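So that you can see what the record holds, here are the features copied from TrEMBL:
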type	residues	note
BINDING	His151, His215, His286, His491	Fe cation binding site
Amino acid sequence: GQLPTWLQGILLRNGPGMHTIGDSKYNHWFDGLALLHSFTFKNGEVYYRSKYLRSDTYNCNIEANRIVVSEFGTMAYPDPCKNIFAKAFSYLSHTIPEFTDNCLINIMKAGDDFYATGETNFIRKINPQTLETLEKVDYNKYVAVNVATSHPHYDSAGNVLNMGTSIVDKGKTKYLLFKIPSSVPEQEKKKSCFKHLEVVCSVPSRSLLHPSYYHSFGITENYIIFVEQPFRLDIVKMATAYIRGVSWASCLAFNKDDKTWFHFIDRKTKKEVSTKFYTDAMVFFHHINAYEEDGHIIFDIIAYTDNSLYDMFYLKNLSKDFEKNAKLTSIPTCKRFVVPLQYDKDAVVDSNLVTLPSTATAVKEKDGNIYCQPEILCEGIELPRINYDYNGKKYKYVFATQVQWSPVPTKIAKFNTQTKEMLHWGQDDCWPSEPVFVPRPDAKEEDDGVVLTCVVKTDPKDPPFLLVLDAKTFTELGRATVNVEMHMDLHGMFIPQQDVKTETE
């Protein structure tokens, strides 16, 4: 096929790539050492490269020729031969553990620079052209967070907004929203933008020792949306995990009888909306988009009724017969919540406060809390992406992978949230990754552009390829075959040519 001439830049992706080191193996697919890979589009041609992230974790493991740094699903013991005193000491020092810098989930842009990100307090600067690993940044030096999301948002000025959890800091556990400026004052050109990081606001955790796990958050023009789900980390269990010889993943628990609370933070006043909104227990990882309309906040997420998704990715479940064995007990459901921020304060108890046309409801209760039920938009999609120019605004299209009862995608989909129509691309024995939408320069319509995805084949002898689809029609424009082993990855971003600093700069 042929690539559009305007498609110039780098598709940069990240995911777990190495699961065996010497004789040791990780337990979980999400634990593997980060492998970056990129497709560079230049004058109608595509260039591929891949490189392991040379994190401290990678270097320590390779040098020891075994896993010596713990990951979320795999607890590692640095030196089995040390004497008993050294051992006791290392147990004690693991209370709030030194987390890994194996940043294997996503790519973030901050200022002119790009970072590989995970969910700990460490991120790694990388060169998007050569995939070299550069300095390590510890968020904790600039803001008191122990974990942070790998799905930040970017405002119109290019500032990064992200969230992290501050665990039992000064006797409180809270969720912090922080902002990394896109540029620093002229006189401080040599300083990093992290030195100017500011905490926008904080939301206290409902429990000191059981903060909620979250993978992303939502944003509209005026509000930040944070969903506190009953899928929680047990801090005491985490602190003793090393001694007990269990992984941190075993310290996560879902309480199906609990509520899921919605927090809305006003971006101007930095204060939380005082009304308490909640829904039933659910587990979710990805926000799709959110916007405001007639006094309501509308936000779309992909949710599950349990936490079986994480368990699916234990490597013992991803064996040859995983299509037969790895069955989700809960199918991903695209839910739209419609939350009336401005409602009639004299409304009667048990009345639905939603005044927009939607099957979503928000019912006022006796205690003043508002119980929200979603509209179901569709089922069976994950890893959602949108045209980011529509982030926080009313939008139509979601580009996503399609999953049925197995967690590994078999197709990619384009879903119209307004008409509920769905288009698909799929072929036998093809496993596509998260689709990334790239808008055509000067596009007037939301879906005017291309969708990029990397496709791995079932048979190792069939080479993987990069697929380019017309985003409007979902028809194939072209594919670039790569004669190397390509890994299934997680997330990534497209970097337009003008955002890539050349080497001389």
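Glycine is no exception: its Cβ is also placed from the backbone N, Cα and C atoms.
Taking the features listed in TrEMBL, we show where each one sits on the structure.
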{"residue": "His151", "record": "Fe cation binding site", "Cβ within 10 Å": "20"}
{"residue": "His215", "record": "Fe cation binding site", "Cβ within 10 Å": "16"}
{"residue": "His286", "record": "Fe cation binding site", "Cβ within 10 Å": "21"}
{"residue": "His491", "record": "Fe cation binding site", "Cβ within 10 Å": "21"}
* Asked: With the Fe cation site defined by His151, His215, His286, His491, which remaining residues of that chain have Cβ atoms positioned within 8 Å of the Cβ centroid?
  -> Ile105, Asn106, Thr149, Ser150, Ser216, Phe285, His287
